[in-house]
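Below is one structure; the comments refer to it alone.
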Amino acid sequence: MANEVIKCKAAVAWEAGKPLSIEEIEVAPPKAHEVRIKIIATAVCHTDAYTLSGADPEGCFPVILGHEGAGIVESVGEGVTKLKAGDTVIPLYIPQCGECKFCLNPKTNLCQKIRVTQGKGLMPDGTSRFTCKGKTILHYMGTSTFSEYTVVADISVAKIDPLAPLDKVCLLGCGISTGYGAAVNTAKLEPGSVCAVFGLGGVGLAVIMGCKVAGASRIIGVDINKDKFARAKEFGATECINPQDFSKPIQEVLIEMTDGGVDYSFECIGNVKVMRAALEACHKGWGVSVVVGVAASGEEIATRPFQLVTGRTWKGTAFGGWKSVESVPKLVSEYMSKKIKVDEFVTHNLSFDEINKAFELMHSGKSIRTVVKI
């Protein structure tokens, strides 16, 4: 099959705002420096829903969504040297070419090698490997995991432990790695730190896990859905508060609770007003607030400059700061050695035909992560 077109099932998003449609598609063989992967499991993330809603300015249709997946290499194109058929892998939406100025700089993980074409839903050569009913179907985030087979650039693949359960470690392709890395890489919080985590979904829980691993003394969870508090405490939150229970702004509440403010705060929602509250909840002189949530296009953040002049820092993070190709295998190893949790994030398992139900569960707030077996 290596040099042949594969016919398989995929969940196609034909247009914005409509449910995904399970279709038979054709997946072309990998070209030079590309890898064709049989996807075994994928999760559904808020980013997929954001694009499907039509609000994403980079969203293009028709497209195969999905970026939290894991699978087995089916075949490789010419020039691929580090991967072979049969390898167990996680596709990566942030690649690591190892050669661009971003990859060569230890301060960032934002490889730009294929950014332009990836943003257009195309492979690095400017074309697609997917067709359905005679129409070209676009790629998504360089991964397109809502398909039995996908084709990705070889710099967008992490080779992982073949013993890892793919219906669990697929989550390391986005949300868990993002939150965990925000704490241990971006914030680099010290043991004994006091932290506040705004938004207790999957990413927020991963931040809590990272804070706990790093030795935080207090981890305060903040969410308007109190049903999320029990699970947050299981992950390591020492206390949880609901902003709706107070008559004053939540930053004032946190400043009072923590004798002047937290050492580190994390915004895991994508709400610019919450981003401001998270910054202003930080301690004068040294507090650091990390923006993890992705706000809608065109949104702007605001605060009084005095907040920054008096020693607070605003930072952002993407994929938790992990240089992807080299870091994801290590994260899988940390999971296998029980240093980090993954299983506990999975609240629902569905068949491929039920993929639209995964979006419904997410919008209802009833799931952390739903894993779809492909």
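Placement of Cβ uses the backbone N, Cα and C atoms for every residue, glycine included.
Features as listed in Swiss-Prot:
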- Ala2: N-acetylalanine (MOD_RES)
- Cys45, His67, Cys174: Zn(2+) 1 binding site (BINDING)
- Cys97, Cys100, Cys103, Cys111: Zn(2+) 2 binding site (BINDING)
- Arg115: site 'Important for FDH activity and activation by fatty acids' (SITE)
- Lys233: N6-succinyllysine (MOD_RES)
- Ser247: phosphoserine (MOD_RES)
- Lys315: N6-succinyllysine (MOD_RES)
- Ser324: phosphoserine (MOD_RES)
- Ser351: phosphoserine (MOD_RES)
Recorded positions near Cys174 (Zn(2+) 1 binding site), in sequence order, restricted to Cys100, Cys111, Arg115 and a 10 Å Cα cut-off: none
Between Lys315 (N6-succinyllysine) and Cys97 (Zn(2+) 2 binding site): CA-CA distance (Å): 25
Densest Cβ neighbourhood among Ser247, Ser324, Ser351 (modified residues), 10 Å radius: Ser324
Long-range Cβ environment of Lys315 (N6-succinyllysine), under 8 Å and at least 6 residues apart: Thr186, Ala187, Val288, Ser289, Val290, Val291
Using Cα positions only, nearest of the modified residues to Arg115 (site 'Important for FDH activity and activation by fatty acids') (Ala2, Lys233, Ser324): Ser324
Cα-nearest neighbour of Ser247 (phosphoserine) within the listed recorded positions, Ala2, Cys45, Cys100, Cys103, Ser324: Cys45
Other CB atoms, at most 10 A from the CB of Lys233 (N6-succinyllysine): 16
